[in-house]
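Chemist: The structure under discussion is supplied below as structure tokens; questions concerning it will follow.
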């Protein structure tokens, strides 16, 4: 008797959907794209994503959630001016917007109504870019098998950004109009206008570089936290511990950078071995101490004076 053997699916991400299950016998459909919320297993069969994000996945989602919040705070501070008393309330409102957006995003994700989300495990970088691996068996016809193999880590960020934008447009204009008395009419809404620019940029960044960010975000956090802290302390002319204590704002900025630096260290180590990884957090204040101890030797006026005396 002839035995009908189905050929294996071509392509890296093409799979067969399970049409019916009769005991231990499964009936499969044609080879093609897997439905949303599924990805192929080792046998090229589309399987439901029933796992949960691991610690590194949550840290990645936390990083993507922090990006709009940090940008909100930066532009609020940039445009609020020194005489405006509205900056603090705007900072709190931005934090509220992003927090509510994050909770709502988790609630509308599968399973709906729960802060727990189901996900597929990220195995390699190509999982983020399945559209680049659609096979062409005869080099003419392309079999489209693009699906979210890293479900829901890719699309959940877009949903979160959408909720952030909607909440900002609902809450912030009324708040700014009421409390931003120290600013001119044209300057009041500049932080909101800035958000209307950086949200599309963040969306494109996630769409194009989501996979790269997934693997590189701990190192991006470390580098940016170090660079921005050095720039801020230099611009604020902080050269000693006394200069830090003069203003509470400087301490807030310092501790914020320390938290980001700790977040980067935790993301790199993943805290797999607490007894080995937790002592690494003692490195967080080292860059600040190094800057304060060496700032007096790198003062531009002193360098110019010494070079002049040398000639």
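Positions of Cβ are set from backbone N, Cα and C atoms, glycine also.
Keep in mind the model is a prediction, meaning the values are calculated, not measured.
What TrEMBL records for this protein is below:
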TRANSMEM  58-76  transmembrane segment
TRANSMEM  88-108  transmembrane segment
TRANSMEM  151-171  transmembrane segment
TRANSMEM  192-209  transmembrane segment
TRANSMEM  215-235  transmembrane segment
TRANSMEM  251-271  transmembrane segment
TRANSMEM  277-294  transmembrane segment
Chemist: Could you tell me what the rest of the chain brings near the transmembrane segment (151-171), counting residues at least six beyond its ends with Cβ under 8 Å?
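Modeler: For the transmembrane segment (151-171), the sequence-distant neighbours (Cβ-Cβ under 8 Å, at least 6 residues beyond its ends) are 36-39, 49, 53, 57, 60-61, 64-65, 68, 72, 93-94, 96-98, 100-102, 104-105, 108-110, 117-120, 122, 128, 192, 195, 199, 202-203, 206-207, 210, 214.
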Chemist: Give residue numbers and ranges for long-range contacts of the transmembrane segment (251-271): same chain, 6 or more residues beyond its ends, CB-CB under 8 A.
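Modeler: Those are 55-56, 59-60, 62-63, 217-219, 221-222, 224-226, 228-229, 232, 244-245, 277-278, 280-281, 283-285, 287-288, in sequence order.
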Chemist: So what's near the transmembrane segment (192-209) in sequence-distant terms, Cβ-Cβ under 8 Å and 6+ beyond its ends?
Modeler: 64, 67-68, 71-72, 75, 78-79, 154, 157-158, 161, 164-165, 168-169, 172-173, 176
